[in-house]
Amino acid sequence: MAVQNDLQLQETHPLHYYEVAVNRPLFQTYTYASFQPISLGCRVQVKLGHSTEVGIVVAQSTKAPDSDFTITTIDKIIDPTPILSAEILTLCHWGSSYYFQPLGEFIFTFIPNYLKQAKLLESLYIEAFEITSKGKYAKLPSQAIKQSDALATIQTLATTSNSNLVAKTTLNQHDIKSDTLRQLLKKELIQKSLIPPYAYTTAPTQTNENSLTLNQEQSDAVSTVIKNQNTFKSILLEGVTGSGKTEVYLNICRHFLNQGQQVLLLVPEIGLTPQLSERLQTQLPYPMITLHSDLANKERASRWLQTKHSTSLVVIGTRSAIACDLPKLACIILDEEHDSSFKQQEGIRYHSRSLAIKRAQLKSIPILLGSATPSLETLTNAEQGRYQHLRLTKRATGANLPEIEIQDSSRLTANQVFTDSTSEAIRNTLQKQQQVLVFINRRGFAPTLQCSQCHWVADCEHCDVALTIHKATNSLDCHHCEHKQPIPRRCPSCNSPYMSPLGFGTERIESELIQHFPDHPIIRMDRDSTQNRGSLEKIRQTLLEGTPCILVGTQMVSKGHDFPNLTLSVVLNCDNGLHNQDFRSKEHLLQNLIQVAGRSGRSKLQGQVIIQTNYPDHPLFVHFKEQDFPGFAKEELTHRKKLGLPPFHHQAAIRMQSLMDNQAFQKLLSLEKYLKDCVYAQGNQNLDISLTMPAAIERKSNWYRYLIVVSSPSRKHLHQYLNIAHEYLLKIPRTKKLKWVIDVDPLDT
DNA sequence: AGCACGCCGACT
DNA sequence: GTCGGCGTGCTC
């Protein structure tokens, strides 16, 4: 072992060794030397291979490396103070090994893009001062008026704000000169830190504490969480739509904030509506930070760095906010815990719910999982006593359950959208000056373009899917890759001019509605219509005004919004959720339907829900009509238990894809054989290894995709075998033509 | 993931 | 003879 730099000059300084993780798919960390001690969690710049990388110091090396390679020194220490706390580092270590993701990449998924470069945060950080313990009781000579004034000012500002740290700019505004501060620093009466600017914490605003009085169930929920203060405890809050979960969250937040502590509120991707943050903001006289995906880079970084500097703080964020630094974290709340957007499906795969629970455990704090329709995993955890199960059974707002009607759509012709009775209901609602929601989980005009003569269908040339017709752009778009093409005039197969759209998407529903209800505004809300910044907000404002109108949209309409004058929800085309091969599709469909139903009649007005289906007798609708999610869950769980499916068996998918159709399949086959041999050799009956099979869409962007599903009732056994599989996979290099990934707790197999 | 190295085939 | 495509292996 040798150190590259000149040791002679540095001899008096001890050499430190650190493990550094970089943002690359490497399943190990690398050891670097430093003449200066560095805190764990700081960013550093290091040479790796032939390039320069930003890395995170994740550990102190326990031993000086004994092999014969040359250790290089760290080029530069980027951060004066860690950007990741020890707690977050521990969480990332756990997550990285639980999910079989490279530590560096895992850590970097939580770091804002702005901080992924080596740029020092000079533009972001500002100087701040706080009084030292020595400074608190210091007696200054009577002629040092400026210094004692300065101390007094810092003291006052510190007590009126929520932090001991007072920004230098603030002090300058109070006529305190830099020179005075320097003298106080020299006497160690104050100390200096670099902190991110405070501009992004919303200042405590006007208090509006005339909160609604809670009913018994609600206040029980609040007190259960408070009672478990400083204890690791998972609590499921199962509250029917409108039962006032938000009030519960609010009161929990208020309690902990009053104590000068912090609360982390995680919400689904599109659930982070201004509505929710406004509500919390006006009800809690404390600062709040929201972290969502479409913030400008710099602003996001600024907010992210800010969270650790403010006591009495609520952070509201999506998935990745689980790893923001909150030293005074007292409680985690995971709203809509069943929502699948908490699971990252691309790139680094992890589930925020699992990380949140792990974090609560590491920190010994309670975690509240809220939902009207809990995931069967969470329900089972509650059932088996691992989580406490609380229920909110009463609609707190006083609104009644919506009237639910299942309409048989099997006799409609191919070009008919609504049954007569549905049209009638829409007309009536508009006549009553109320609003209608039409929900269809498919964007575009129609999902297929077909030749009426020879039944040729326009398929994507890169994927095994049909192209979607988009009238707005007058093109055929693939929803699985970037491919777009013009709509052909004639059939490329038989030259017939009769090409017709098959099926319905939001665009087509919109145009149908415009024909049928020309006197009312039709508003479309899907990914295509909300691409511009602010367009979502504009739609929301229109709906809040209460003008009678029809809102047509995908999934995105069903989350988080609260429009008091919306009284009718119509659900179209949910039938593939009934018969999908994915075992979770029924669970997800019912969760979705109940959520959509919850959109109508949220105020005093009676709500109404119409489902149009070709299978009106499907048992799922019986549960839906009675809003009986627990009943459904019970049946479904019996079924899952019988089949050895989650949550009774834990699963992992080993996914492999290649640009050549055979490669990934062949390599997976040999892994399958290897794993089966291992299981056989050890005589383990506790593990099930599936056959190598094609993914639901076998070819996507020209990648041929296959998977093996490994499952076991024992988490320990599953991971034991995943470790074996992982060892094997590490010998198969991931190249430009072949990729693999282990997907622990997959949501789609 | 980058990047270099090295092996092969093509082309002034 | 050399330019460059791509498969392979390494990064403290």
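Every residue gets a Cβ built from N, Cα and C, even glycine.
According to TrEMBL, the feature domain 'Helicase ATP-binding' maps to A:226-392.
Counting only same-chain residues at least 6 apart in sequence, those with a Cβ under 8 Å from the Cβ of A:Cys491 (Zn(2+) 1 binding site) are A:Cys451, A:Gln453, A:Cys454, A:Trp456, A:Pro497, A:Tyr498, A:Met499. Annotation comment: TrEMBL describes A:Cys451, A:Cys454, A:Cys491, A:Cys494 as Zn(2+) 1 binding site.
In three-state terms derived from DSSP, A:Cys460 (Zn(2+) 2 binding site) belongs to neither a helical nor a strand segment and is classed as coil. The local packing around A:Cys460 (Zn(2+) 2 binding site), expressed as other Cβ atoms within 10 Å of its Cβ over all shown chains, amounts to 23. Under the heading Zn(2+) 2 binding site, TrEMBL lists A:Cys460, A:Cys463, A:Cys478, A:Cys481.
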A:Cys460 (Zn(2+) 2 binding site) and A:Cys494 (Zn(2+) 1 binding site), Cα-Cα, nearest whole angstrom:
18
Cβ atoms within 10 Å, counted per site: which of A:Cys454, A:Cys478, A:Cys481, A:Cys494 has the most, among these binding-site residues?
A:Cys478
Apart from A:Cys460, A:Cys463, A:Cys478, A:Cys481, which residues in this chain have a Cβ no more than 8 Å from the mean position of the Cβ atoms of those residues at the Zn(2+) 2 site?
A:Glu461, A:His462, A:Val465, A:Leu467, A:His479, A:His480, A:Glu482, A:His483, A:Lys700, A:Ser701
Cβ neighbours within the same chain of A:Cys463 (Zn(2+) 2 binding site) - under 8 Å, at least six residues apart:
A:Cys478, A:His480, A:Cys481, A:His483, A:Ile697, A:Arg699, A:Lys700, A:Ser701, A:Asn702
Secondary structure at A:Cys451 (Zn(2+) 1 binding site), reduced by DSSP to three states:
strand
Around A:Cys451 (Zn(2+) 1 binding site), how many other CB atoms lie within 10 A of its CB?
21
